[in-house]
Amino acid sequence: MTGPAAAPVPDAPASLDVSGLAFAYPDGHQALFGVDFCVARGERVALLGPNGAGKTTLVLHLNGILTGGTGTVTVAGLPVDKRNMAEIRRRVGIVFQDPDDQLFMPTVREDVAFGPAAAGVKGAELEACVDRALTLVGMAEFKDRPPHHLSFGQRRRVAVATVLAMEPEILVLDEPSSNLDPASRRELADILRSLDVTVLMVTHDLPYALELCPRALILSDGAIAADGPTAALLSDDDLMRAHRLELPFGFDPRSVRASG
């Protein structure tokens, strides 16, 4: 799973296809209103939007944590439904904002091994799987360390490794740059660029989205309000204002060479 980021493969099934997805919570709050989008294999796509737009609700549908709405979600051609749930949860790896939500074992190695071991991987194959995932995120030398002895940035990289160990079709990242110092932020960006995996990145960090994702979706009031090149969307002042998105003071997306 190393090497340059894969180019989209036009003849392969889309990594992610969301069609007509609508969802209301039991209290009657309608969070999603007919969401439609498709992510090709190998794409890196940012999911942007203000608080309350429905981003978390959408993400929780991608691997079946939330169900019961209308519309469909498919991952590499496989519908997200009860029959396919085990395989869907292998194919869709979600890295949560707080790595401590994913790291709960005594050592880094045990955390990364947990998913594959639960899926029946054993022995030398399991060790190779752990080593491969930790190498991808530059954390192989820390595999015998307790996670709570690591820095926040290192724990986030280990959290990514726990997902990569399952060899997912798509990596979903929730606010990956939050609480990272500049060096850790840069290191994580380099890692994400190197992965041969489809990426959907949920973030309020618009410069990071521009740096890593050639394409962006804006989710606003439970619907896709815009879908296009990240640089173009961030340069559209009217669009940004309409959906309560703000760039850092002095940051001009037109002056930045976006990630390819």
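Placed from the backbone N, Cα and C atoms, the Cβ positions cover glycine too.
Note that the structure is a prediction, hence the values are computed from the model and not measured.
As recorded in Swiss-Prot:
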- G49, P50, N51, G52, A53, G54, K55, T56: ATP binding site (BINDING)
- 16-246: domain 'ABC transporter' (DOMAIN)
Cβ neighbour count (10 Å, all chains) around A53 (ATP binding site) is 23
Within the same chain, and leaving aside G49, P50, N51, G52, A53, G54, K55, T56, name every residue whose CB is within 8 angstroms of the centroid of the CB atoms belonging to the recorded ATP site, in sequence order. L219, S220
G49, P50, G52, G54: which of these binding-site residues has the sparsest Cβ neighbourhood within 10 Å? G52
Confidence over the domain 'ABC transporter' (16-246), expressed as mean pLDDT on the 0 to 100 scale, is 95
Lowest local Cβ density (other Cβ within 10 Å) among binding-site residues: N51, T56: N51
Per DSSP, three-state class assigned to K55 (ATP binding site): helix
If you run the three-state DSSP split on G49 (ATP binding site), which class comes out? coil
